[in-house]
Ligand SMILES: Nc1ncnc2c1ncn2[C@@H]1O[C@H](COP(=O)(O)OP(=O)(O)OP(=O)(O)O)[C@@H](O)[C@H]1O
């Protein structure tokens, strides 16, 4: 929302308002534009600069870091700041980043033609969600402005009083989406659409982005455009009978408002002709991934590793911006229709098999420009001649794309002369060559046109006879002038005579003072210089007028011809958009196929049966596997409606495993192959994630509160077709409460929701669930010892592990030995009896038997010291490894557990607590679950003093 500071400089700056009565005509014009654009900062064209005045100038100077100057005229002095029009993009970007909307007040008539004050008008309002300038947009990403509106309203039926409508437009491409739902569904959808800007209707609920970094700027806009009647009128040019096309008022009002806003930002010239399809959709037609899921699965952003290590990045081998945007849309909205998913898999499979086709497509697609944005500019009347040539270059690759898809790739396979799958056949058929458009551009527009469309040189010779005649006249005139110097030298005998041209005086013949006596009578003086005179002849003047006249008329005619060609191309907007869609899909599929081949993905079997579960053999995490030299593949067997409780040491791979399973589902439903040896997957309709509290500090709510609201959403909305990932739920509060919440949530998911779930936890008692619930089972991660080093095997095996080994990991990480030892004492004190009992039975019904060095088998109590060697506790390894930096995580204390440390009792020595019943009782009485770390430390300190005293 605009800050107070911004409010003072949008609309009419106070300094200008105060002087309103006496302003010069130009500043008065500025004041009018400002007054008409209350929400925007007006940049006012004065020659080659965009200027702002008074308080607006101060804001521009501050935000854009340009010098504040002063304009003085007969009415006073006004602070002024300007940015060059030629290089306005970076300054506009700074203003947008600072939260401004910027109205461009351009000169709309030729300054030379104007009789008095040059006419100016706002041609565009640049806002974060509606920018169309390539320099301000990321290539290959979408940029939406969205509007939200409530269902009830004027003349509304009130049939869906709780419904909220959401409409979004990408003004650079013309894509328009409309949907509705209850408040929560729309909030989720907004996070998925991730608009750059949100316009809220007068009665719409407030929406805050779940993720501030990906969030939008909320702007107010004229409430009247949200009215039902106004919305219908606004929508009529876009689609017939709009009130029958949408699901009720909410959608209608949101759609009308978002288009009103989009039109306003494009200079209010009426409907946007390139918004040809308004697509209404139901979020339930796609796999629902809320912001939390997108974030924790790192689909588009990776907070830890940087933006490049995301799933999208791992999948993106697209060759052009169209394909990249398409892939992004697919990944934001994976499919839920099994046939549609299989159809994409068919196409990816065919492209994966046919290397030459794949490579041929990549070559051809590499030459494709961003058709969606080009066609937007063309139909907005903003395209220059270079844009038309870019369109031509893109259309020129279409025959190659078709031929490549048809198998004209030298493939020896007899069956290779057409796409084998329906999906690719259909795409090939949708590749519209638009031959007439291509030929028109080729005939009309010069191969390398200049950037300006008003200064000639854009229309090709041979396209228009009148233009050719004018250009011929101009050329002949210039040739005549070029020859004049030689002929006049001969006629006058003045060897130093020269013919030249300047902007002010036009053509002239220059003779030095020494030769003035030889100047012929027909020379007329034009200009006197220090050592020479400049002349013209009547014939030269006549020729000059001819040249200038022809050039001016030619430039004007060229502009007219260019605009006509642009309009003819614009009339094919829909067909060009259809072609853009097909090219985009081909590129996205080709990218998926390349990734599948290069990274050894497999086609998943999609099982439509509602009882089917997840079966993955040798699954990998698509992002982590690229960073880890030796990634360990893991199997996953999750019957439908089951809940797998995953335990194991910190850092052993629990989160990575859970995410691998979820990402396989997302990838498969996007149409991609999956990183595994084999996979059989059902179709899920929603994917929920709740990851550990400390991984998710987003401000606003307390961490635990946020954790609980996400859990609430899952417990409300998940169902039998949902996949749920819970990573350390309950961690954000006291242990007893956290454990209880985790347990109750797991039971609820199993008993009431029937969702398929994976639950990673350090709350060990959660593994009891396997014994008590039919569809619950345990998995755990293992670690081993090689030499003195502890190695996480990253391998998942059935059953529960017996501890989290948090203390051991702390030790590995280099936590000082005294703290590690005390932690260990505390653990022993709390779990001493329980550990004895736990060591013998596995509540999950399975035991860790496969590996004697399996961390899951290690007993971390002192009483196990007489176990066989392989079952030694992790800290004993570390004790053996005393002084080994590698083994203690780089710590150089050299004092591992059990090391003699006078005055302290290490873990391997008999605890003083055991020999002192009072001390033992005091220890036992500590309610660790309810203590803060500082209280625990203080308590420890007291106990230690007692031990020291005793000792
Ligand atoms: N299958 C694997 N193969 C190789 N390396 C892996 C594998 N799984 C995880 N890792 C590595 O181990 C690191 C820790 O994994 P992860 O975060 O999944 O552990 P965790 O058990 O969830 O830890 P914590 O309980 O502390 O959250 C990862 O960053 C990755 O580098």
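In case you wondered, yes, glycine gets a Cβ from its N, Cα and C as well.
According to TrEMBL, the feature ATP binding site maps to 648, 649, 650, 651, 652, 653, 654, 655. Residues or ranges marked as domain 'DNA mismatch repair proteins mutS family' in TrEMBL: 722-738. Marked as region 'Disordered' by TrEMBL: 827-920. Annotation source TrEMBL lists compositional bias 'Acidic residues' at 848-871.
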Q. Counting every protein chain present, what is the number of Cβ atoms, excluding its own, within 10 Å of the Cβ of residue 651 (ATP binding site)?
A. 16
Q) Do you know the DSSP helix, strand and coil residue counts for the domain 'DNA mismatch repair proteins mutS family' (722-738)? A) 4 helix, 6 strand, 7 coil
**Q.** Extra residues within 8 Å (Cβ to Cβ centroid of 648, 649, 650, 651, 652, 653, 654, 655), ATP
**A.** 760, 781, 792
Q) Any idea what the model's mean pLDDT is for the domain 'DNA mismatch repair proteins mutS family' (722-738)? A) 81
Q | Winner by Cβ contact number (other Cβ atoms within 10 Å) across the binding-site residues 650, 655 | A | 655
(Q) Taking DSSP as the reference, which of helix, strand or coil describes residue 652 (ATP binding site)? (A) coil
Q | CB contacts for residue 653 (ATP binding site) [other CB atoms within 10 A, all chains] | A | 26
(Q) Taking every protein chain in this structure into account, which of the binding-site residues 648, 649 has the most other Cβ atoms within 10 Å of its Cβ? (A) 648
Q | residue 652 (ATP binding site) CB neighbourhood, other CB atoms within 10 A | A | 27
Q.
So if I draw a 10 Å sphere around the Cβ of residue 654 (ATP binding site), how many other Cβ atoms end up inside it?
A. 25
